[in-house]
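Colleague: Here it is: the structure, laid out below.
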């Protein structure tokens with residue numbers, strides 16, 4: 001029996017191994033191989049340094065760590081770095097609310113979270129740590145901005161922003177609540193136009209869409225989300241001339257030029273430049289009132305499908321491009337200024353949204369497309385016909401169908417000079433300006449004589465000034481940093497001013513994976529050699545909430561940098577795993593809608609509100625402080641150890657599914673690790689050592705054959721689970737449990753060589769999952785070096801060969817028993833064995849079956 005000194009005690013052994021690994025430099029990135037296939041880049045999406053890890057973080061980073069550890073065991077040279085997405089609004093808010101410096105607040109949080117991550121036993125190369133708020137990082141973010149500027153992919157233009165009329169400052173979208181009010185002053189936010197910086201992501205829209213086909217290692221839903229966001233549409237632009245002068249025109253884009261003869265109105269975005277010109281005197285007041293009513297409504301709400309569409313007539317008209325007839329012009333909330341041309345043609349008979357709008361405002365509905373061979377109904381239709389069909393009421397184009405009709409009308413529009421074929425995208429250029437302090441400064445200078453002048457690369461970084469007043473009003477806090485703002489123009493030397501906007505934090509996170517490849521380089525953001533060695537990232541892990549923006553912007557950066565010969569890859573991430581959320585049990589009073597903390601629930605089986613006795617609703621939701629359903633990772637590590645936390649996170653659910661936290665299952669994983677401890681403790685007591693592999697006996701006993709089969713079945717299954725197209729950590733842990741059960745009580749019944757192979761294999765398979773325990777047991781059993789310096793076990797195919805197999809016996813499709821038969825049995829022989837079995841005789845009652853269905857090696861089904 002094991003002594004008390006040999007009890008499994010993770011609280012003592014885990015810190016020991018974390019220190020040992022650090023001293024050994026075990027997690028340091030080795031020099032990459034010249035062969036890219038020999039290198040492996042494992043990466044988690046880096047976190048915002050809030051100061052506290054949550055279980056979602058743990059799941060993300062443990063998944064990546066298992067992959068990194070596996071690849072090291074398989075002989076790969078692994079890059080597994082970590083850093084901090086450290087700019088952003090929370091630090092600025094903390095500075096205002098608590099009177100602390102954002103840099104100090106952020107650095108304290110980073111130190112705290114780094115320690116929390118290290119307690120999880122993650123094999124991270126901390127020598128490559130980056131923080132986007134440190135000038136040695138954002139120097140290169142600024143350098144990259146200048147690359148975009150030099151390539152004419154960065155520009156300034158007027159854009160609509162949220163404006164706080166009390167604080168006299170611009171608000172980010174996240175600073176405006178659901179009612180359209182400022183988060184600070186409570187004032188109703190207004191819309192204003194300001195000159196803003198943009199990156200021209202639309203310049204590579206085709207590549208971003210087409211190259212999604214290359215990303216076979218990405219979840220299909222993520223690729224679909226990106227494709228929909230990019231939203232490529234083929235159609236035509238058509239010009240509706242303004243009757244007043246005949247020179248100006250409203251240009252609309254449509255995917256259905258075949259419906260142009262059904263146009264009964266044109267709709268402009270309320271912000272369109274031509275609205276004032278087209279608005280008649282008697283409609284001006286109504287138009288202005290409508291515009292004002294949109295000030296507090298977000299663009300998302302304006303275009304939401306479930307929201308009634310509102311509009312108002314301008315009183316102006318335009319000329320139909322084919323008939324010359326006057327078409328009334330309206331403005332409506334569902335047309336956005338920055339989408340397409342900011343104008344659409346209304347064809348209510350053939351567009352559901354236009355149909356609803358026309359019905360609401362009593363506008364004409366004219367059918368011009370019908371099912372082939374069908375005459376149009378008399379009177380107005382009861383609903384829009386949105387499919388392709390045969391043209392009617394379309395002058396010379398009557399009788400044309402579908403794509404042929406579209407092509408003919410586009411050609412006619414081009415010949416008349418009133419339109420052209422066009423491809424458009426839903427994707428809009430990326431607005432990167434932020435009127436905030438805690439962000440990367442935009443490295444340009446404004447000169448009255450020279451205009452916008454890039455900061456010379458030799459002057460980078462443009463560092464954020466310290467001791468800036470963050471609580472005042474009147475635009476960006478950097479506007480008030482007078483000494484910092486006032487500079488000399490790099491071109492002419494005259495007085496000039498710095499750009500006071502900072503960059504969207506996505507700018508910093510769109511290239512950090514490149515910096516990790518050469519993180520300590522003081523003279524370049526990265527090098528061709530470092531990119532060629534490590535990029536693209538082999539396995540990227542992060543939440544699906546980043547499916548569009550972060551992942552799309554990262555792809556954009558990579559494509560632009562490839563075009564400028566700065567990187568060799570066209571895509572940043574080869575494989576992507578989007579892990580599910582971690583959910584906690586949640587208690588809520590159905591009457592008051594108040595959430596109740598689990599500690600206040602006296603009986604979890606029949607939970608009631610301690611205040612009013614109301615029976616509580618019980619369900620699982622994403623962990624959050626407001627719902628009292630969070631679990632502190634530190635507390636779990638304190639009680640059970642990091643290895644148990646890791647095992648639970650990996651075992652509880654497939655990685656892409658949501659995981660429901662269960663304390664009982666955590667306890668179950670702790671007991672499983674204790675069983676492995678006892679198993680190896682018993683092997684140690686019997687004198688087993690792992691120092692050098694012993695030769696297997698020439699002849700194996702049945703017990704040895706069975707144990708070796710269990711060992712190599714586990715090696716094959718775990719290897720497949722960790723390297724297949726779909727990573728299945730949960731089933732891999734199940735295989736470890738099966739193997740440990742097969743080994744229990746059998747090590748004493750087999751030769752030392754077979755026992756050694758079994759224990760060695762079990763610990764190597766366990767190592768990526770429970771790295772501390774695996775290394776401790778490896779050391780206790782005299783293994784050489786660290787277990788994480790060994791090689792992943794290979795499957796011995798001969799060990800999997802069975803002399804007999806188990807075949808399922810069914811009668812009328814229902815399982816009635818099993819047959820143990822020779823593995824080499826023929827189909828006819830298997831049928832005869834089945835018919836002669838006691839099970840068959842019992843269920844057939846001595847009668848011959850009408851049919852016998854034999855699936856060799858699998859089953860026999862007798863049909864009476």
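Think of each number as a place in line: the chain as shown, counted from 1.
Using N, Cα and C of the backbone, Cβ positions are placed for all residues, glycine too.
Keep in mind that what you see is a predicted model, and the values were worked out from it rather than measured.
According to Swiss-Prot, the protein has these features:
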- 625: ATP binding site (BINDING)
- 299-309: compositional bias 'Basic and acidic residues' (COMPBIAS)
- 47-57: motif ''HIGH' region' (MOTIF)
- 622-626: motif ''KMSKS' region' (MOTIF)
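I would like each feature placed in context: is it buried or exposed, what are its neighbours, and how far apart are things?
Modeller: Counting Cβ atoms from all protein chains shown, residue 625 (ATP binding site) has 9 others lying within 10 Å of its own Cβ.
Residues 332-334, 336, 353, 356-357, 360 of the same chain lie 6 or more positions beyond the ends of the compositional bias 'Basic and acidic residues' (299-309) yet place their CB under 8 Å from a CB of it.
Mean model confidence of the motif ''HIGH' region' (47-57) amounts to 93 (pLDDT, 0 to 100 scale).
Sequence-distant contacts of the motif ''KMSKS' region' (622-626) (same chain, six or more residues past either end, CB-CB distance under 8 Å): 54-56, 581-584, 595, 661.
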Colleague: Give me the DSSP three-state residue breakdown of the motif ''HIGH' region' (47-57), ordered helix, strand, coil.
Modeller: 3 helix, 0 strand, 8 coil
Colleague: Could you put numbers on the helix, strand and coil content of the compositional bias 'Basic and acidic residues' (299-309), residue by residue per DSSP?
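Modeller: Split by secondary structure, the compositional bias 'Basic and acidic residues' (299-309) comes out as 5 helix, 0 strand, 6 coil.
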Colleague: Counting each residue once, how many in the motif ''KMSKS' region' (622-626) are helix, strand and coil under DSSP?
Modeller: 2 helix, 1 strand, 2 coil
